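Features as listed in Swiss-Prot:
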{"type": "BINDING", "residues": "Arg51, Gly52, Asp110, Asp111, Leu112, Val113, Asp114, Thr115, Gly116, Lys117, Thr118", "note": "5-phospho-alpha-D-ribose 1-diphosphate binding site"}
{"type": "BINDING", "residues": "Asp111", "note": "Mg(2+) binding site"}
{"type": "BINDING", "residues": "Asp114, Ile157", "note": "xanthine binding site"}
{"type": "BINDING", "residues": "Asp114, Thr115, Gly116, Lys117, Thr118, Trp156, Ile157", "note": "GMP binding site"}
{"type": "BINDING", "residues": "Asp114, Ile157", "note": "guanine binding site"}
Amino acid sequence: MMGGEAPELSAQERAGKAFPVSWDQFHRDCRALTWRLNEVGPFHAVIAITRGGLVPAAIVARELGVRVIDTVCIASYDHNKQGELQVLKGISEAAMKLGGGTGKGLLIVDDLVDTGKTGKLVREMLPDAHFATVYAKPKGRPLVDTYITEVSQDTWIFFPWDTALSYHPPLRDGAA
């Protein structure tokens, strides 16, 4: 830090509120999402936005009986700092053909829509696809067709694949 500049805060530090999600809760939420999607389908393929969309896409595809799964790899976070969007891997030609080039009959799945930047980019690639997320924040929610839980914009979701169980000493031993 030079010349009295404030340190750059991570997205997590700016968010302030924590929303930890266990594996059990995440699986229940994905199944609830599937119940809603079952009324919308059928779908020819599931497109997972990686990496966060991989786990929910696997659960949703299994529950809906969809065998074709593809990914679109977009990097926007470096650990916990959001940066410029970078398409690392586009949607396969085979999946694009299944969706008629516009995404019709395709299901895009992600864990969360936050600011909507990633969602907007994928929507441009597949404008007629159905976009589903497990969680949604207000800024990104308008881009999503189906979601399960809305959280405030200032909430940081701790997904089970990003966390680990750890020992905490009892309060009487000075734990906060």
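Just so you know, glycine gets a Cβ as well, placed from its N, Cα and C.
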Need this for a regression test: binding-site residues Arg51, Lys117, Thr118, Trp156, filtered to those with Cα within 10 Å of the residue listed as 'Mg(2+) binding site'. What's left?
Arg51
At the Cα level, what's the spacing in Å between Thr115 (GMP binding site) and Arg51 (5-phospho-alpha-D-ribose 1-diphosphate binding site), rounded?
17
Can you tell me how many other Cβ atoms are located within 10 Å of the Cβ belonging to Arg51 (5-phospho-alpha-D-ribose 1-diphosphate binding site)?
15
Can you tell me whether DSSP puts Arg51 (5-phospho-alpha-D-ribose 1-diphosphate binding site) in helix, strand or coil?
coil
Nearest by CA distance to Ile157 (xanthine binding site): which of the binding-site residues is it, out of Arg51, Leu112, Gly116?
Leu112
Trp156 (GMP binding site) and Leu112 (5-phospho-alpha-D-ribose 1-diphosphate binding site), distance between Cα atoms, whole Å:
11
Output, ordered by sequence, the same-chain residues six or more apart from Lys117 (GMP binding site) with a CB under 8 Å from its CB, or 'none'.
Ser76, Leu85
Candidate with sparsest Cβ neighbourhood (10 Å radius) among Asp110, Asp111, Asp114, the listed binding-site residues:
Asp111
Through the lens of DSSP with three states only, how would you label Trp156 (GMP binding site)?
strand
